[in-house]
Amino acid sequence: MERVNHTDFERIQQLRAELVAANNAYYREDSPTLSDAEYDARLRELRTLEDRNPQWQSADSPTQRVGAAPVEVFGEVHYAIPLTSLDNVFDQDGFSDWLARVQKGLGREDVPLSAEPKFDGLSVNIRYIEGKLVQAGTRGDGQTGEDVTANVRTIRNVPLQLTGKDWPELLEVRGEVVIPVAAFRRLNGERLRAGDNPFANPRNAAAGSLRQLDSSVTAKRPLAYFPWGWGESSVPLGKSHIAVMERLSAWGFEVTSYLRGVHELTECQRYFSEMQKIREGMPFEIDGLVFKVDDLLAREQLGFTARAPRWAIAYKFPAHEERTVVEDILASVGRTGVITPVAVLKPVQVGGVTVSRASLHNQDEVDRKDIRVGDTVLVRRAGDVIPEVVMVIKEERPPATQPWHMPQRCPVCGSEVLRLANESAHRCMGGLYCPAQRMGAIRHFASRRAMDIRGLGEKLVEQLVGHGLVHTVADIYHLDEAALCGLERMASRSAQKLLAEIDRSRHTSLPRFLYALGIRQVGEGTAKSLAIYFGDLDPLMAATPELLQNIPDVGPIVAESVAHFFAQPHNRDVIAALRAAGVQWAVVQPQKGGRFQGMTLVLTGALDNMTREEAKTAIENAGGKVSGSVSAKTSYVVVGKDPGSKAEKAAKLGVKQLTEAQFLAMFSEKE
């Protein structure tokens, strides 16, 4: 009989309780009980204990918010009760007309209403069975949405298990996923520093974060969820909207504190004006108020139109919008090579701030809005966020304007500009050479999983580039003690240690070197596959996209990216300089006779006889590769205890599944 480690079990229960309480205090009471560092330390400890004791892992543990393996495409979620949108009004007359229709439909003037902020985010339906979160989906067309369950599970104020009592066996909660304005600014700052396109507004940031195929990315985004309604329920939830929202709060949801009961027109307008005055200081973007008939029986009497309920209306705030002229459109190159069109605007005051530039994001956005130099445009600045060109006023377009097109050559380094399939961004392909990408390329090259040059961190890279000592990654190998000692906080001993690290990195492996080059779409796993297939760098550099696609986990997008990278003369020059500086590796000998030679396996669920990392190492030693997601190219899916959705997807695709015993037996089989 297996002995239970009571100490671990008790600590797991204690940590879960502390983390759930900390989440409630942070999100629902605005009174944090743990610092971020303390929270993270407890979460790490809990994850370690659960890994050590997989029999006590639970779907509602706080550790399950960190994200699941990436998916290739979102599944579908179907709604028995449509997830409808709302009709909008934009002034007092429009609101007054709506209220009059409601009063007429109910045959009385005294109609209690609820009023709450209209959060500017992404609508999501969350389904609970017996109190456990089992599914989450986006609005979609109202009947069918995208399955974003794994991503919603990472949102820290979404209860994975309902709290309190008397919750129904089946419950669908509907609400809005949003991102705080302060977090939005931080996120955009990080994206700009990384050379990525900034999000246009918090709504786009929330939607983009929630619709990540890799839920571990979503887990890093500070999203929040505010319920505003419900869908299916196995029992009636209450007699009024406000009463139901109070029950949702008791069950663990963060219900907005700005929910109010209001009655006649004057009171509604007064609350609308109050909220309009404080909206700029609110932690979340709101673009109006939603007024609803509070009584649920009265709602049934009013019913729905073809697209929206008659018993609710969105009363929108006026937007901060002004007209100005596009004086130029520039192609701006970010640190990762993404080229972003930027509109240079005739300076204009929008919401109290002078706006002279606005990101146009990508070529698709320019084409969709048909923005040209010389156009008069409407510029919006909703709250304190990045300005956005809303639309072109085409009646005022000057004659002889021309559509804007992305340059074919990088405006900074002259390398080829390429747009990969399934991407909206154009990129400069001169990643090793382009000055705009220099800092990012050097940091990545020196990182632990690449060339592993310890001591060559971000601040030192900034100094090396700023002082003109390093222009490409090859220049790292020409640094000397005298040059380094001229930098801030760099004494002789520190310089000698760094030079020793640089010298050590000259002897590397081909997979590390390929990963260090920073080729778009090439991570560590793909770098290893390329190295095993080609054995050395020269045949890889000469490979065509067609040849590259012979590698099991290399599709057309990766093949195109690799081929174009090595086709750039500037990149080839830097690689030649690295080799001339003594960077070298052993030729990779293809693994022969491995049981999983050339195969791709996926692991799901907990294994009894080995950890997941041990299983991965065993597969790689047998010539195989471990992937995080199931596709038609997957050879086997190894299914352990409590498997996730990967097993279901394997069944749908006809991919063979192995039990742990079958998997282990294959190592002793002859090929």
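Using N, Cα and C of the backbone, Cβ positions are placed for all residues, glycine too.
Under DSSP, LYS292 (NAD(+) binding site) is assigned to a strand (E or B) in the three-state scheme. Residues annotated as NAD(+) binding site in Swiss-Prot, with sequence analysis given as evidence: ASP36, ALA37, GLU38, TYR39, ASP40, SER85, LEU86, GLU116, ARG139, GLU176, LYS292, LYS316.
Residues or ranges marked as active site, N6-AMP-lysine intermediate by Swiss-Prot: LYS118. Note: LYS118 (active site, N6-AMP-lysine intermediate) has non-local neighbours ILE286, ASP287, GLY288, LEU289, VAL290, ALA314, TYR315, LYS316, i.e. same-chain residues 6+ apart with C-beta under 8 A of its own C-beta. Taken residue by residue with DSSP, LYS118 (active site, N6-AMP-lysine intermediate) is part of a strand.
Long-range neighbours of CYS413 (Zn(2+) binding site) (same chain, six or more residues apart, CB within less than 8 Å of its CB): CYS428, GLY430, TYR433, CYS434, PRO435, ALA436, HIS570. The Zn(2+) binding site feature in Swiss-Prot is assigned to CYS410, CYS413, CYS428, CYS434.
Predicted-model confidence for the domain 'BRCT' (591-671) is 83, expressed as mean pLDDT. Feature annotation from Swiss-Prot assigns domain 'BRCT' to 591-671; the stated evidence is sequence analysis.
Look at LEU86 (NAD(+) binding site): DSSP puts it in coil. When the Cα of CYS410 (Zn(2+) binding site) is compared against those of the binding-site residues LEU86, ARG139, LYS292, the shortest separation belongs to ARG139. Between the listed binding-site residues, namely LEU86, CYS410, CYS428, the fewest other CB atoms within 10 angstroms of a CB are found at LEU86. Sequence-distant neighbours of ARG139 (NAD(+) binding site) (same chain, six or more apart, CB under 8 Å from its CB) are LEU83, SER85, LEU122, SER123, VAL124, ASN125, GLY145, listed in sequence order.
Neighbours of the Zn(2+) site: apart from CYS410, CYS413, CYS428, CYS434, residues of the same chain with C-beta atoms within 8 angstroms of the site's C-beta centroid are VAL333, GLY337, PRO411, VAL412, GLY414, SER415, VAL417, MET429, GLY430, TYR433, PRO435, ALA436, GLN437, HIS570. Taking every protein chain shown into account, LYS292, CYS434 are the binding-site residues, and of these the Cβ with the most other Cβ atoms within 10 Å belongs to CYS434.
Annotation note: CYS410 (Zn(2+) binding site) sits in a coil segment as assigned by DSSP.
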